Number of protein chains: 2
Amino acid sequence: MKKHNYSAGPCILPQEVFEKSAQAILNFNNSGLSLLEISHRSDDFVAVIEEARALVIELLGLEGKGYKALFLSGGASLEFLMIPYNLMKENGKAAYLDTGTWASGAIKEAKIFGETVVVASSKDKNYNYIPKGYSIPADADYFHCTSNNTIFGTQMKEFPSVDIPLVCDMSSDIFSRTLDFSKFDIIYAGAQKNMGPAGTTLVVIKEEVLGKTGRTIPSMLDYEKHIKAESMYNTPPVFPIYASLLTLQWLKKLGGIAAIEKLNNAKAALLYAEIDRNPLFRGSAVAEDRSTMNVTFLLNNEAHTPIFDAMWAEAGISGLSGHRSVGGYRASMYNALPLESVQVLVDVMKALESKV
Amino acid sequence: MKKHNYSAGPCILPQEVFEKSAQAILNFNNSGLSLLEISHRSDDFVAVIEEARALVIELLGLEGKGYKALFLSGGASLEFLMIPYNLMKENGKAAYLDTGTWASGAIKEAKIFGETVVVASSKDKNYNYIPKGYSIPADADYFHCTSNNTIFGTQMKEFPSVDIPLVCDMSSDIFSRTLDFSKFDIIYAGAQKNMGPAGTTLVVIKEEVLGKTGRTIPSMLDYEKHIKAESMYNTPPVFPIYASLLTLQWLKKLGGIAAIEKLNNAKAALLYAEIDRNPLFRGSAVAEDRSTMNVTFLLNNEAHTPIFDAMWAEAGISGLSGHRSVGGYRASMYNALPLESVQVLVDVMKALESKV
């Protein structure tokens with residue numbers, strides 16, 4: 001049976017990524033060697049990481065604008081501390097927007113390094129909205145926000161204009177929608193949503209913001225060292241980077257971010273329309289801040305839970321359970337999830353309505 | 001043509017690891033889903049990481065001795081700073097043995113955190129031997145050494161007995177030889193030699209040595225947090241961990257470390273005997289400290305280089321060029337390299353002797 005994979009991440013990737021990456025493990029570039037056993041300094045792998053880095057810059061529309069792309073490891077959680085290490089001056093301060101679990105995780109790490117101003121928080125309503133109308137201290141060393149909140153199903157639709165470096169954790173919606181990416185000075189994202197499998201972290205940096213803190217930064221946490229080493233300061237996570245390249249190539253072939261955005265909007269429109277129409281369900285996030293990537297919703301009558309759960313499982317849907325801090329359901333609809341899978345879920349929701 | 005892969009790392013892995021991991025990318029555990037698209041919190045993946053962690057402890061003979069195994073990311077280079085962060089007291093000091101490029105990289109990071117005593121160094125002879133007879137300050141917070149020096153082809157045959165925590169970077173010889181691993185308090189190793197593909201780092205920790213520094217440790221650098229989260233503090237590098245599990249399963253089936261040690265000793269004996277017998281060659285490292293993993297050797301007459309290089313390439317040998325800081329050749333003979341591949345190299349060396 002065809003599976004409809006709504007996993008919040010690691011998540012569905014294009015089928016051709018699975019096929020080509022499996023093939024590369026058996027025989028990479030027809031070399032007679034596995035991708036897993038070649039040197040990361042070999043011509044074949046250097047070509048992979050260089051193409052991946054260039055493709056990121058191209059897809060984000062950042063060519064010729066002073067940005068470098070890095071494929072690091074450690075996950076977005078390691079960036080939580082690399083950001084203050086690289087941007088917060090000794091005795092300086094940073095400004096953060098608190099929109100959920102990951103934003104507050106980033107805030108926690110920043111506090112270890114210095115004064116951390118939380119400009120606004122939606123914690124009062126279990127993060128079901130994006131705060132607006134906050135002011136950002138002009139003397140902060142940078143402003144940090146989280147573009148999409150995987151757990152709570154909210155997404156920033158606008159970003160503040162600031163004169164200080166703008167840093168954004170885009171782990172769960174990078175490459176999903178068109179934005180003016182040149183507004184941002186550092187963008188980072190764990191690969192395991194729209195970019196590839198778990199095991200590598202993308203960091204896109206406007207070089208001019210670095211080197212201003214006066215801190216001694218441990219080598220592995222120093223963006224300047226990683227840039228100088230062309231993202232090969234030490235052995236990089238070879239396979240996750242290769243599978244990410246395949247995913248980026250797939251996206252480019254499809255027409256890039258503008259093309260996938262149309263599909264993502266269609267998927268979101270279809271599912272939110274059903275949530276709003278179907279009297280059995282309600283959305284968790286406030287309407288204006290709803291995420292196109294992670295749709296969080298609840299049954300109005302919890303007694304319907306066992307029957308609904310059995311119905312979607314029977315339809316081949318997996319990964320639909322909500323995060324424990326919100327409950328209910330979460331449909332994660334990353335780039336590679338087809339519209340057809342959303343239709344299957346909507347049909348199950350309608351079938352539940354007829355049944356109960 | 002069959003390839004004889006002498007790559008220094010990432011390196012040859014068992015053929016069954018390539019086959020089984022490629023299959024898991026297409027259909028994992030017959031679930032209809034790829035290993036790359038499932039949640040790291042799914043039962044199927046939790047079983048993988050738990051088995052891998054247990055197998056490490058079992059293969060090292062550390063069951064019931066207070067150790068925990070973690071699969072982190074960032075590479076051994078990230079451990080260079082995690083070690084002092086977790087073990088060096090505020091205003092404390094650490095002791096290091098300098099046996100090569102990676103040891104000195106670890107020393108450089110430790111110096112950021114506090115007083116770092118280098119108890120001995122073989123830098124005077126381009127690291128071609130392992131210092132002996134040094135003394136370790138009894139009041140250091142820990143002693144750090146590197147068991148095998150990939151670049152220079154030296155290997156520690158004995159380890160000092162100390163009353164302070166003993167920390168060892170075993171990146172390039174873990175699981176290759178029997179040792180009393182319970183002498184060590186922290187062992188770490190990048191996966192990409194004997195354990196799996198690039199992208200995960202093994203850290204084996206005797207829990208009782210943690211929590212004594214008084215430092216505020218950023219979450220992602222804190223071993224106690226990783227242990228508490230059972231090696232899933234954040235999304236782990238799923239594929240590299242799975243391929244590592246397959247490699248550990250292969251080793252166990254083969255008879256564990258004692259069995260592979262016999263094979264590794266046979267390979268090393270075969271190649272070193274030829275280096276010592278053949279008048280065209282000489283070894284780089286002093287005899288008593290020669291590594292069984294990385295055999296470094298030189299042509300006595302550099303004019304033979306082009307002909308020798310053409311001969312081994314023609315025999316299907318790859319990855320034999322030495323590191324730029326030593327020159328000549330480096331035959332990396334990790335666990336998965338068969339004795340047959342070593343015989344092919346020895347035959348080429350003999351053929352060169354007949355030819356010139």
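Here the Cβ of each residue, glycine as well, is placed from N, Cα and C on the backbone.
TrEMBL annotates A:A76, A:S77, A:T150, A:D169, A:Q192, A:N234, A:T235 as pyridoxal 5'-phosphate-binding residues; of A:W102, A:W312, the candidate listed for that same site is A:W102. The record assigns A:A76, A:S77, A:W102, A:T150, A:D169, A:Q192, A:N234, A:T235 to the pyridoxal 5'-phosphate binding site, and the maximum Cα to Cα distance across that set is 31 Å. Summarising the environment of A:W102 (pyridoxal 5'-phosphate binding site), the number of other Cβ atoms within 10 Å of its Cβ, over all protein chains shown, is 22. A gap of 10 Å separates the Cα atoms of A:N234 (pyridoxal 5'-phosphate binding site) and A:R41 (L-glutamate binding site). Looking at A:D169 (pyridoxal 5'-phosphate binding site) and A:K193 (N6-(pyridoxal phosphate)lysine), their Cα atoms lie 13 Å from each other.
In the three-state DSSP reading, A:N234 (pyridoxal 5'-phosphate binding site) counts as coil. Calculated from their C-alpha atoms, the gap between A:K193 (N6-(pyridoxal phosphate)lysine) and A:T150 (pyridoxal 5'-phosphate binding site) amounts to 10 Å.
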